[in-house]
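K.L.:
Got a structure for you, written out below as C-alpha cells; questions coming shortly.
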C-alpha cells in the first residue's frame, strides 16, 4: 500500500484497491461508503433521472450517465446526497473542459465569503493572490476546470488563506496588523498617531517625527541627569531632570542587629543621606523557658537596640554537708544541671585511716551506726608471729627486746636470727665438701659460705640471698664465683594504674608486674549486623574496646574536698569498614558502612 504496509492473504483485498484510488474522483469509492451492488441488481433510475436534465447534456458524450450511475449505485454517500453525486459528475466533466453551470441559490448552493462571488467554471490552478499574481501571464500552467469563489474584477486575494480582495497595487507591503499597503503609502501604527511607517520599495520603514524643537532643561541638584520621558500630549518625548543615584558617592552604613536603615534627602541634592535607627520589630523576641530554680532577666548590651532574655541562677541557700572520715563529697546525678546541685556524703571505706596494731595483736573492726568507718580495737594474736628461717651461719634466739617491750601487752614470744661471732679474712680457695668459709664484707658484716657434701658440676648456677652463684671451671679446678643479682627496672605505680599485680621472682629479689589480662585493649566480638530487613549472612568480627582503667581522686579547692575522676577504656581513632548485608525485602545485597576503633587506651571521661 502507499504507506508501506502490506495486506495479508486473509484480509479484504478491497483495502488494497481503495488505498491506490484518487479521492474526490468518479472512480473513487471509499471502502467505508462502498456498496456491493450494481445497476443490474439494484435500481439506478434515480441517478439516470438526475443526469437526464438538459443542463448536463453537453457532457454525456464524455462521461456517459450509465457509466457514472454504476459508480453512483456503489457509493452510499452518492445515493444519500444528490448534491455530492452531481458535484462528482460535474468534476469529471471539468477534466474535459466542459463547463456546466448547474447550481442555483435554491438548489445545491455554493456559499462564498462576503467579498467573493461564486463562479461555476474556473481554471484548475492556484487562485490569484499577491504572492502569485504573475500566473496571469502563463495560462498554460492551468489545465482543466473547477468551481469556486473569486474576487471581483480588478482585485485579487491578499493571501491564499484569506478572503480579502484588494487591488494589485496594495500587494507592495503588509503591516504588522496584516493590512495591505501600497508603495509610498504612509500610515499611523499607534492610537496616538506618533508611530508612523511608510511602504518604500516593498519594504516597511519607520517615519520619525521632528523633535529638535523640544526644550532642554538645566539640572541643578547633585545626582540629577537629563532623560527623555513619554508625553501623552505630544509625539515627541519631553526632557526632564531625574535622579540617578548611581552617580552618588554616599554609601549606606551597615546597621547593627535591631537597627533599620533610614534615608532622607536634602533640598539641594537627590542623593540620599543615611542613618541607622532602632527598630523594635527587627528584634527577635525569643524568650527562653526558665527552670523553676532560674529567674528570667531582660538585659540590653551596650550600644544594642534589642533586649536579650536570659535565665539566671540565684544564690544557693543550701549548705554543703561536712563529710565524716571515710566519706567523699559527691554531686547528685539528678541535680548536675541545676543552679544549686545537691551534695551527698558517700561512704568509701578504703578512705578510712589506717589502724595498725602492735606485733602480736590483730585489728578487730566493729560497724558503727551513722559512721562510715568502723570502730577498731586491737586483740591478742600471738599465733600470728612467724618464726624466722635462719640462714647459714645464723642461730635462732628469743627476741628479749620484744618480750620486754611495753607494747607487747599479750606477752607473746618472738624469735630472731643472730649470726655467729666468727670471721675469717683471706683469699678464697677451692672448697671441699664439709669446709666452711667466713669472709668480711666492706661494711664489716660476716658472710659464711658452706660447702655441702653434694657437689655441683661446673656450669651450674643458683641464687641465694639475692646473690647469684656460678660454679666455674678454671685451670686450678672448679671455682665458686658470686656476684650481686641485677634486677630489671620496675615501676610499682604504673603497675597499679593498669590494674596489675606485683609479683616477686628470683627468690624474692626482683619484682615484676603481672597483668590480669583485663587492661584496656582492642578485643574482637563476633556479631550479626542488622539494618531494617537487611542482615549479614554470617557473624562478623567487630573490633571493640574492653578492659580495666585506673581511677583518681583529685583535690578540688572549689568544694574543699577530693573529687573522683575515672578513666574509661575508649577508642583513640575510628576507621570505616564496609560489610555486605542481604535484604530479604527485595532479595539484594547492599554495602553497609560501620566504624571501628583503630586502637584503644584509657582516657579521662
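Using N, Cα and C of the backbone, Cβ positions are placed for all residues, glycine too.
Residues or ranges marked as disulfide bond in TrEMBL: 534-583. Here TrEMBL flags 520-605 as domain 'CTCK'.
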K.L.:
534, 583: which of these disulfide-bonded residues has the sparsest Cβ neighbourhood within 10 Å?
P.N.:
583
K.L.:
Can you count helix, strand and coil residues in the domain 'CTCK' (520-605) using DSSP?
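P.N.:
So the domain 'CTCK' (520-605) is made up of 0 helix, 65 strand, 21 coil.
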K.L.:
On the 0 to 100 scale, where does the mean pLDDT of the domain 'CTCK' (520-605) fall?
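P.N.:
Mean model confidence (pLDDT) across the domain 'CTCK' (520-605) is 83.
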